[in-house]
Structures are given as structure tokens and as C-alpha cells.
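**Student:** Look at TrEMBL and you will find 46-63, 116-143, 155-178, 190-212, 263-283, 303-320, 327-346, 352-375, 387-407, 419-443 tagged as transmembrane segment.
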Amino acid sequence: MTGLPELTRKKDGVVHGGTHKEASLNSYDEEALIDQAVERRILMKLDLWIVTVMTLFYLLSFLDRSNIGNARVAGLQADLKLTDFQYQLAITFTYVPYVVAELPSNLLLKIVGPQILLPTIVTIWGVITLCQGFCHSLGALIACRVFLGFFEGCLLPGIMVYTATLAGAFGGLLAAAIQQMNGDKGIRGWSWIFIIEGTVTALIGIISYFTLPESPSAARFLTEQEKTVLLARLRAETRAVGYEEEHFDWSQVKRALLHTPQLWILGLGLFGNGMTLFVLAYFLPSIVGAFGYSSTKTQSMTVPPYAVAFVVTMTVSFFSDRYRARGPVIIGMSAVALIGFGLFFANLNVNVSYLGVFFAVTGVYCTASSFCTWIPNNSGPHYKRASLLAMSLILTNVGGIASTWLFPTSAAPRYRGGIIAHLVCASVPLICGAINVAFIHWGTKKKQEQREKILAPYEGDEKRAWRELGDNHPDFKWMF
């Protein structure tokens with residue numbers, strides 16, 4: 001959230017009044033600005049009740065989707081007698097329905113409401129994850145992965161990807177601990193990974209039915225004063241009509257997909273980042289295992305890189321938000337990922353290769369978090385933003401599909417072909433980030449030069465101008 005201008009008249013925590021310029025910028029004749037003390041109290045409650053739950057949802061999503069990599073090291077591929085092709089096929093089948101579900105479910109979220117849709121899909125995919133623990137054939141595994149992909153695809157990208165780094169750290173720790181249950185009650189260790197993690201997910205999904213509000217105005221943990229302030233802040237932040245006034249418009253979806261250059265510039269970068277992101281998610285245990293560690297040791301050795309990546313991503317994201325800088329983070333952290341894959345490819349010794357894993361994981365996840373926030377930061381109104389966000393995740397996951405075929409066990413321990421491919425992929429976000437920064441400079445200048453022409457059809461109707469122009473409005477400030 002950004003700072004707001006200081007005005008003088010307050011009522012119920014909301015400052016009323018402001019200059020004509022401020023009113024026009026935010027599409028209101030009487031600007032509502034927020035008392036800072038009330039705002040801080042609201043943000044603390046939102047962090048506790050909403051952000052915590054959303055973070056947990058995404059952590060579980062990434063954990064349940066990627067734990068098949070831990071299960072592989074624990075013996076899944078050997079026990080089910082899967083070839084490399086069959087194992088990779090099972091992963092690929094996760095992403096096809098995942099991609100298909102993203103755009104319609106993002107629109108459905110607005111219609112059904114997050115308080116119903118999100119807990120439902122979390123509960124269902126938790127049960128599906130549990131069922132994977134009882135698979136005895138390729139067909140059963142693929143069936144579970146298809147349904148898992150579909151329901152996880154419905155979660156969509158409103159939840160920041162940087163939480164996936166924490167999921168990676170938990171995944172290794174949990175897998176190392178659960179694997180010790182190998183043979184308990186006649187069930188293999190890799191089965192327990194799915195059973196326990198799936199059960200936890202389903203229980204959290206059920207509990208979340210009672211914690212997620214339908215909207216800010218329905219949040220039981222906010223007072224009436226705080227609801228008023230929050231609604232005012234949301235309107236000011238989006239620089240548009242109140243979201244409760246906005247209705248679905250297919251033209252916003254069309255404009256998002258066909259007339260938004262930033263989508264396709266960043267989309268190519270997201271494809272490259274998706275390839276590196278999901279290779280680390282699914283194959284890092286196999287890559288680290290090639291260093292010569294035991295199965296249990298391998299699980300635990302995947303934890304430190306993710307733990308470091310989580311801390312760095314949180315820190316970098318804080319400064320990225322504070323200074324409104326997405327492009328520089330993407331460029332810089334893509335370079336870090338390149339260094340990591342380069343160290344692994346050089347294969348000087350085990351320690352240097354393992355150091356490369358730290359650089360690769362940190363660079364890839366920092367880049368992913370900035371990419372996924374850059375698109376919504378620079379788009380509006382709601383349905384255009386929702387469509388762009390879903391499309392960006394589709395492109396990321398198409399990269400994920402491609403990545404599943406690059407690390408067969410036959411290429412161990414060097415995985416030279418896969419590493420070369422990911423050296424190339426890690427460079428794509430760097431290049432696309434630089435191009436998008438240049439485009440924003442050019443586009444911002446063009447909007448200001450053509451300001452009168454752009455706003456001429458909306459003279460006297462500022463709300464309609466914001467509703468129809470969205471981020472193309474001359475006063476909408478794109479984030480660099």
C-alpha cells in the first residue's frame with residue numbers, strides 16, 4: 001500500500017475533502033482518505049485473518065503439487081515400476097487441467113465468492129492428494145494428478161508465488177520425517193507423504209469455511225468504522241468505481257488478451273521462469289540425490305536452499321514494494337539464477353554444485369514473485385486484471401509442462417541437457433524484464449502526450465473513463 005496525502009477533516013476514521021486534482025485522480029467528487037492509525041489497525045487484522053490463510057492455501061497448493069518429487073526419491077517410481085517417460089507423463093497430466101481451469105475459475109471467484117470457492121477446492125484437492133498414497137498403477141496415479149491439477153488450477157494467482165519457497169522448505173522437512181514411517185501399517189514411506197499431507201490440507205480447507213469473509217463489508221473481524229475506511233481505501237487504490245458497482249464485461253477480457261502488450265512481453269518471461277520454477281519443484285530432490293546422498297539425506301538437503309530463498313524473497317519483495325521497482329528485481333534476480341545454473345553445469349565439485357542450487361532457487365523464486373505482481377500492479381479494472389492474471393499463470397504453467405521432460409533419470413547425475421536448457425530459460429526473464437521497463441517508459445510518455453485525445457470521449461464522466469480505460473487512463477501510473 002502506498003502513502004496517501006494528508007487532509008484535515010475526519011469522520012469515523014475517514015478524511016473527507018481534498019483538492020479537485022486528488023478527486024479526479026481517484027474518480028470521486030468527494031475524496032475519502034484514510035486516518036493512518038485506523039489504517040494500520042485494519043492492515044494488521046487483514047494480515048492475520050486473510051493474508052495468513054491465503055499464504056497457507058498457496059503453501060499447501062505448492063506442497064501437494066510438488067511432493068511427488070519427494071515421493072519419487074522415497075521410492076514411488078520404483079514401487080509402481082514406472083519408466084522415466086511414464087513418471088514425466090504423470091506430471092504433465094497435472095498441468096493440462098491446471099492450465100484449462102485457471103481463466104474461468106478466476107472469473108468464477110468474483111461470482112461465487114472466495115469464502116465458498118477457495119475452501120471447497122482446498123478440501124477437494126486435499127482428499128485427492130491423500131488418494132495418491134493408495135495408487136498401485138500408472139492409471140490411478142494419472143487420474144489423481146489430473147483431478148489435482150484441475151482443482152489446484154482453480155486456486156489461481158491471487159496468492160503470491162513467493163510463498164512457494166516456504167512450501168519447498170516444508171516439503172523437504174516433511175518428506176524426510178514422514179519417510180521414516182516406511183513400512184508402518186504396511187504402507188510405504190512415499191505413500192505416507194501423500195496421505196499425511198493430503199489429510200492436513202483437507203482439514204485446513206474445512207476449517208477455512210468459517211474464517212474467510214465474502215467481502216470487506218462482511219468481515220466479522222472488522223468494526224463498522226474499519227469497514228468504511230477499508231472500502232474507501234480500496235476505491236482510492238484501484239482509482240476506479242467501487243468494486244461493488246462493477247459488473248462483468250467480456251470486453252475487458254478481450255482487451256486484456258488482445259490489446260495488452262505487457263501481457264505478451266511478460267508472458268514470454270513467465271514461460272521461461274515457469275520452466276525453471278517447476279523443474280526445481282519436481283526434480284530438485286533428484287538433482288540433489290545425484291550428489292551421492294542417501295534418500296533421507298537428500299530430502300533434508302533440499303531444505304536449506306528453499307529456506308534461504310524464502311528469506312531473500314521476502315526481503316527483496318519488501319524493498320520492491322517500497323520503491324515500486326519490479327523490473328530491476330527481475331533483471332537482477334534472473335542474473336542470480338543464471339549464476340546458479342552455471343555453477344551446477346560447471347560441476348567443479350559437489351560443494352560448488354550445491355552452492356549453485358542456492359543461487360538457482362533464490363533467483364528463480366524472487367523473479368517469480370515480482371513477475372506475478374507486476375501484471376496486476378499495471379492493469380485494471382477488475383475483470384481485465386483477473387483475465388491478465390489468469391493468462392499469466394497459464395503461460396507460467398505451459399512452461400511447467402515443458403520442464404517435466406528435461407530431467408530423466410537416464411541423464412543423471414549431470415543432467416547436462418536439462419541444465420543447458422535452463423541456462424537459456426533463466427536468461428529469458430532477464431531480457432523480457434528489460435524490454436518491459438523500456439515499454440513502460442515509452443507507454444507512459446505516450447499516454448501523457450495524448451492525454452486530451454484519450455479523455456475527450458469521457459468529458460464530465462470521470463467514473464466511466466476509469467471504468468473503460470482502466471490502466472490506459474493517463475493518470476494510471478504503471479509500476480516500473
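Numbering starts at 1 and runs along the chain as it is shown here.
A Cβ is built for glycine as well, from the same backbone N, Cα and C atoms used for every other residue.
I would like each feature placed in context: is it buried or exposed, what are its neighbours, and how far apart are things?
**Tutor:** Counting residues 6+ beyond its ends, the transmembrane segment (116-143) has Cβ neighbours under 8 Å at 57, 60-61, 64, 67-68, 71, 80, 82, 86, 89-90, 93, 105, 108-109, 151-152, 154-155, 187, 190-195, 197-206, 208-209, 212 in the same chain.
Distant neighbours of the transmembrane segment (327-346): 269, 276, 287, 316, 320, 352-353, 355-364, 366-367, 370-371, 374, 416, 419-420, 422-423, 426-427, 429-430, 432-434, 436-437, 440, 480; these residues of the same chain sit at least 6 beyond its ends, with a Cβ under 8 Å from one of its Cβ atoms.
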**Student:** Looking only at the recorded stretches 46-63, 263-283, 352-375, which one has the largest tally of CB-CB distances under 8 Å to the transmembrane segment (190-212)?
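**Tutor:** So the stretch in question is 46-63.
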**Student:** Short question: which residues 6 or more past the ends of the transmembrane segment (352-375) have a Cβ under 8 Å from it?
**Tutor:** 157, 160-162, 164-165, 168, 262-263, 266, 269-270, 273, 276-277, 280, 284, 287-288, 291, 301, 304-306, 308-310, 312-313, 316-317, 320, 326-327, 329-330, 333-346, 385, 388-389, 392-393, 396, 426, 429, 436, 479
**Student:** So if I exclude everything within five residues of the ends of the transmembrane segment (387-407), which remaining residues of that chain have a CB under 8 angstroms from its CBs? That is, six or more out.
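**Tutor:** Tertiary neighbours of the transmembrane segment (387-407) are 88, 91-92, 95-96, 98-99, 102-103, 105-107, 153, 156-158, 252-253, 256-257, 260, 263, 266-268, 270-279, 282-283, 286-287, 368, 371-372, 375-376, 379, 415, 417-418, 421-422, 425.
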